[in-house]
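Below is one structure, written out as structure tokens; the observations come after it.
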């Protein structure tokens with residue numbers, strides 16, 4: 001199995017402030033990888049730098065390679081990146097209400113994805129748009145509708161349809177269900193998984209919702225303070241976390257706990273650029289010692305490992321509630 | 001959609017009716033008797049009363065109003081109290097001249113503002129964008145008549161490329177018509193263009209921040225393509241509002257610019273009417289200007305509906 005996406009030493013900076021540092025990330029063909037973390041952990045910036053759509057004056061460094069694209073994606077010029085976007089990598093954004101052009105019919109917006117890359121002729125793109133809508137379970141009349149005539153869930157399905165239009169090798173979803181009603185979340189997640197499985201596309205799924213990662217992804221990366229702190233298969237990381245942050249995150253979202261009070265991680269996520277040196281989590285970690293002032297090295301393989309000086313014992317969740 | 005059109009048409013007709021009452025009432029309360037003005041201070045009261053009867057000024061105001069309005073609806077603007085000439089044909093001739101001027105000015109304003117505003121927005125952090133901003137700032141500060149005088153000094157007096165004033169109907173001599181149109185149209189259009197540029201800039205800046213533009217980029221559109229296909233139509237909505245208001249300003253600007261360039265337009269007719277105390281003429285010209293402004297706003301309303309599908313349901 002060859003890797004679709006290979007990210008090495010990715011960093012994102014705004015002026016002198018580092019927002020994302022040293023991120024390594026690999027997504028295999030057809031693999032579904034989750035990227036989790038609190039807001040401000042650098043998940044979305046990581047996604048946007050893969051796509052080359054960072055805001056002005058935010059810069060990416062390091063290396064991003066995509067299978068089948070013969071050039072480096074970090075720092076590639078607009079001309080080359082625009083050929084990759086929407087054809088090899090597609091993205092579904094968080095906010096479906098504003099992601100579509102309010103003055104253009106849905107059918108035209110979907111067809112444009114194919115027309116801009118000349119993957120299909122105009123009449124064929126129309127037919128394909130109808131077919132794509134059917135696959136996300138929207139009626140054919142939707143082609144002639146405008147975005148304001150659709151609900152949030154329907155719009156997100158349209159965004160998904162246009163992202164999948166060119167059968168991309170990699171689909172990136174950035175919190176695709178966060179803005180949706182709980183009742184339609186399951187449907188949209190199901191359509192995303194089915195969409196990538198049907199095309200054997202790889203999926204990079206960004207969320208802060210652990211339950212969603214557990215249903216959608218096979219492997220997960222945990223981000224905190226712009227760094228990947230732990231990685232591994234979903235059931236491994238979620239049942240036997242090694243990094244103390246992952247441990248806290250799981251305890252905080254454990255709904256089956258018998259304890260009456262809600263478990264939280266003490267303190268707040270520091271503002272961007274104010275993370276401590278060494279281990280980024282040490283200011284909020286109950287296990288931190290003087291040793292944590294040094295950046296912890298990565299233990300284990302790239303696919304499965306963690307960066308912590310005082311990892312949780314293998315196979316235990318004890319002591320979490322007191323942390 | 002249909003409901004929305006009926007609603008806008010209703011608003012247009014009601015504002016026409018209300019403004020006709022206002023224009024009439026305003027003229028009616030002005031001091032000074034047109035008959036006395038026409039005959040001079042030495043005329044006998046009998047002669048004045050006789051003339052008032054001829055003009056129909058002795059009738060009750062509502063009757064006078066409906067008489068005037070009925071005439072307007074049939075295209076009959078009445079007869080001047082001063083020159084005793086029918087007003088309708090005069091206004092019609094002059095209106096054509098002013099329309100040429102206003103339309104040419106608007107076209108120049110758009111041709112300047114849309115590209116300049118877009119470039120300013122797209123490069124708002126770069127030198128070229130800032131330079132354009134500064135240039136448009138200067139344009140905003142210059143009134144149209146001053147721009148006209150400056151243009152005459154440079155292009156007519158110094159360089160002698162274009163005539164300083166005058167007017168030739170396009171049917172009579174198209175080349176001369178264009179030559180004489182350029183300077184007055186420029187002095188109207190450049191100033192309005194500078195103002196409009198700033199609105200285009202902020203509308204485009206607004207649109208550049210929209211999520212759907214990022215979606216368009218994620219599809220594989222280049223920045224300029226994304227802006228062109230997805231941004232301009234959305235940015236057009238707020239710009240259109242300003243454009244509608246500007247057309248009204250442009251009509252007023254034309255009144256002054258016609259004086260500077262000695263053009264026989266509606267503006268000079270209005271000013272002549274005022275200085276001759278030709279009240280009915282003034283009333284008619286003002287009403288025609290009001291109708292023009294309301295008509296522009298009505299068209300702007302219809303264009304909103306055409307541009308933005310969200311507005312197609314009645315409010």
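Heads up, the Cβ atoms here are built off N, Cα and C, so glycines get one too.
Note: TrEMBL annotation is automatic and uncurated.
From the options B:181-200, B:201-220, B:261-280, the stretch TrEMBL describes as transmembrane segment is B:181-200. Only residues 6 or more beyond the boundaries of the transmembrane segment (B:12-30), in the same chain, are considered here, and those with a CB under 8 A from a CB of the stretch are 61, 64-65, 68-69, 72, 279, 282-283, 286-287, 290-291, 294-295, 297-298, 301. The stretch from B:99-122, B:181-200, B:235-257 that makes the most Cβ contacts under 8 Å with the transmembrane segment (B:134-161) is B:181-200. Long-range contacts of the transmembrane segment (B:99-122) within the same chain, counting only residues at least 6 positions beyond its ends with a Cβ under 8 Å from a Cβ of the stretch, are 128-129, 132-133, 136, 170, 181, 184-186, 188-190, 192-194, 196-205, 208, 223-224, 227, 232, 243, 246-247, 250-251, 253-254, 257-258, 263, 265. Here the transmembrane segment (B:235-257) has long-range neighbours at 98, 101-102, 105-106, 109-110, 144-145, 148, 184, 187-188, 191-192, 195-196, 199-200, 202-204, 206-207, 263, 265-268, 270-271, 289, 292-293, 296-297, 299-300, 303-304, 307-308, meaning same-chain residues at least 6 beyond its ends whose C-beta is under 8 angstroms from one of its own.
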